[in-house]
Amino acid sequence: ENISDISLNVTDCTQVVVPEEVFFTVAAAGILENLLILIAVVRNKNLHLPMYFFICSLAISDMLGSVYKTLENIFIILCKMGYLTRHGDFEKKLDDAMDSMFILSLLGSIFSLLAIAADRYITIFYALRYHNIMTLRRALVILAIIWTFCAGSSIAIALFSYEAATVIPFTILFPLMMFFILCLYVHMFLLARSHAKKIASLPTSTVHHRTNMKGAITLTIFLGVFLCCWAPFVLHILLARFCPHNPYCACYMSIFHVNGTLIMCNAIINPMIFAFRSPELRSTFKKMFYCSR
């Protein structure tokens with residue numbers, strides 16, 4: 001909010017404000033959709049697989065992002081109405097808690113995407129040994145390590161967010177992890193292309209290969225949507241830290257609310273992509289709706 005005030009003083013760009021009705025509608029839709037994914041996986045025992053648990057981890061991250069932006073918007077509204085101040089001790093602790101939730105959501109999404117990419121890689125190229133490599137217990141251990149690391153990192157970064165030494169590694173981590181995941185997918189598709197000719201004479205293997213590649217394409221779409229929705233906000237953090245008084249930087253920061261809305265749109269798009277491309281999930285949703293009726 002302080003950065004927004006500065007940007008208005010150093011640039012002629014008009015602050016772009018998303019209507020509160022639209023903001024809260026998008027947030028509620030994102031929370032409900034991801035909650036539906038979690039309920040579907042819990043209720044259907046056929047979905048109790050490492051792959052779907054990693055998807056649930058991504059759904060939880062998306063929910064945290066929507067909750068964070070909702071609480072932040074409520075906090076700003078209360079400040080404007082005079083119920084809260086911007087520089088009080090309670091408000092500072094509340095702001096640190098929300099920042100920690102935001103960082104947890106971002107880190108959780110990144111590492112969940114990394115776990116999904118690794119799981120898909122093993123599924124495609126080590127299909128015969130997949131169930132020995134990626135057991136359910138091992139997947140749960142991986143998720144426990146991911147969320148423990150993300151929780152500790154989010155608290156540490158939120159407490160020392162005003163230090164450049166904290167902001168720089170955090171912002172570098174985002175493109176670094178995205179580049180690593182992208183390289184993994186490129187390597188995956190190149191190997192799959194070379195293996196396609198070798199398994200063309202095996203009908204069952206071809207069907208299995210096509211199924212796995214369909215899953216890889218789905219996760220690639222996940223990655224693209226994640227980049228489009230989160231990258232503008234991460235760029236906003238960098239500009240707010242290193243050039244808040246520059247007119248060009250301040251002009252970009254005038255679309256702060258739009259960037260925040262993009263994060264919540266990511267929480268809406270991800271469940272739609274996976275639900276529409278997963279027959280098992282579609283079947284589970286139908287059963288859930290029929291039972292509710």
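Glycine too: its Cβ is placed from the backbone N, Cα and C atoms.
Among the features that TrEMBL reports, domain 'G-protein coupled receptors family 1 profile' is placed at 33-274.
Positions annotated as transmembrane segment by TrEMBL: 22-42 (among others).
According to TrEMBL, the feature transmembrane segment maps to 49-68 (among others).
Summarising the annotation, TrEMBL assigns transmembrane segment to 102-128 (among others).
Sequence annotations record features per position, and here TrEMBL assigns transmembrane segment to 140-162 (among others).
Sequence annotations record features per position, and here TrEMBL assigns transmembrane segment to 168-192 (among others). Distant neighbours of the transmembrane segment (168-192): 103, 106-107, 110-111, 113-114, 117-118, 120-121, 124-125, 157, 209, 213, 216, 219-220, 223, 227, 230-231, 234, 237-238; these residues of the same chain sit at least 6 beyond its ends, with a Cβ under 8 Å from one of its Cβ atoms.
Residues annotated as transmembrane segment in TrEMBL: 213-235 (among others).
Sequence-distant contacts of the transmembrane segment (255-276) (same chain, at least 6 residues past either end, Cβ-Cβ under 8 Å): 3-4, 15-18, 22-23, 26-27, 29-31, 33-34, 36-37, 55, 58-59, 62-63, 65-66, 69, 72-73, 218, 221-222, 225-226, 228-230, 232-233, 236, 282, 285. The transmembrane segment annotation in TrEMBL covers 255-276 (among others).
With respect to Cβ pairs under 8 Å, the transmembrane segment (102-128) is most closely packed against 49-68, considering the stretches 22-42, 49-68, 140-162. Residues 53-54, 57, 96-97, 99-101, 103-104, 107-108, 111-112, 115, 170 of the same chain lie 6 or more positions beyond the ends of the transmembrane segment (140-162) yet place their CB under 8 Å from a CB of it.
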